[in-house]
Amino acid sequence: MTIAVGRAPQRGWFDVLDDWLKRDRFVFVGWSGILLLPTAYLAIGGWLTGTTFVTSWYTHGIASSYLEGCNFLTAAVSTPADAMGHSLLLLWGPEAQGDFVRWCQLGGLWAFVALHGAFALIGFMLRQFEIARLVGIRPYNAIAFSGPIAVFVSVFLMYPLGQSSWFFAPSFGVAAIFRFLLFLQGFHNWTLNPFHMMGVAGILGGALLCAIHGATVENTLFEDGEQANTFKAFEPTQEEETYSMVTANRFWSQIFGIAFSNKRWLHFFMLFVPVMGLWTSSIGIIGLALNLRAYDFVSQEIRAAEDPEFETFYTKNILLNEGLRAWMAPADQPHENFVFPEEVLPRGNAL
């Protein structure tokens, strides 16, 4: 009797690599990790290096590092000089010509952090897609994370691409972001933009929904433990519900006259509201990149100019924006050598 034993199929390098990447370990790597881990490491490392050592004297005329006396709130990795335009500012490019110190002085670290940070965020979203597929769940976490990605890409990349250079993007720092917000208000009247309004409604609405949902669940927990602390009565693998949806529905029906009766609709709504807020604000930022105007109530401006007794909150805000532009531009863009004659500077209600 003859027994034929077949040869084991040869495993290619791709299969071996796939198995290694998806191996069960403390920190999952996966195919997405090939993009996420190095880019996140370089982006964070670049930011720490810039805020610790690199000055902004040559790009913004200011100090921006711990080495120069800044603290955590005032240190930043500043945007490149306006003269750099939209150059990628590669270390080996024509601007720095391989000189690392010159590259830092020109703002090369900002481009480095921005581009690697964008790819790191995309890698993190792909990581959520990959793990969701392996675990066998739906990919709504990854879809939700597209909101922060849209905001980052629109604010840090799309907006300056629509302007004259990377210089007009936000620098990577706390006070630097605040300066950028003031800039958006003064030069674009951003708070009156309907996309900003939708973004605020989405983010604050999401926070409100989160608070309401958490409080309602805590209010309607089943009394299933003898201890004062109800947290210890919960087991992650328990089959029964931990709170009463029926009681929660009756509670909110009495308060508003209407309430969610479907947990799936409720949680989808909690996903939808903040993510739509992030998406709409990102669309608005792209509009600002193209210098699109939102609401201009010209009739009120004309009447306010003609009638000293007529004033609205809109006309007051327009005057504030003029003040921001007039006083901010010379300090924010010293390389332009702006000089505004005193007679054109705004004087409050006196117009």
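Cβ atoms are placed via backbone N, Cα and C, with glycine included.
Here is what Swiss-Prot says about this protein:
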BINDING   His116  chlorophyll a ChlzD2 binding site
BINDING   Gln128, Asn141  pheophytin a binding site
BINDING   His196  chlorophyll a PD2 binding site
BINDING   His213, Phe260  plastoquinone binding site
BINDING   His213, His267  Fe cation binding site
TRANSMEM  39-59  transmembrane segment
TRANSMEM  123-139  transmembrane segment
TRANSMEM  151-164  transmembrane segment
TRANSMEM  206-226  transmembrane segment
TRANSMEM  277-293  transmembrane segment
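Everything Swiss-Prot records as a feature, shown here on the structure.
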residue	record	Cβ neighbours (10 Å)
His116	chlorophyll a ChlzD2 binding site	20
Gln128	pheophytin a binding site	17
Asn141	pheophytin a binding site	15
His196	chlorophyll a PD2 binding site	22
His213	plastoquinone binding site	16
Phe260	plastoquinone binding site	18
His267	Fe cation binding site	14
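Cα of Gln128 (pheophytin a binding site) to Cα of His213 (plastoquinone binding site): a distance of 24 Å. According to DSSP, His267 (Fe cation binding site) sits within a helical segment. Cα of His213 (plastoquinone binding site) to Cα of Asn141 (pheophytin a binding site): a distance of 18 Å. Closest in space to Asn141 (pheophytin a binding site), of the binding-site residues given as His116, His196, Phe260, His267, is His267, taking the CA atom of each residue. Put simply, the residue listed as 'chlorophyll a PD2 binding site' is 28 Å from Phe260 (plastoquinone binding site) when counted between their Cα atoms.
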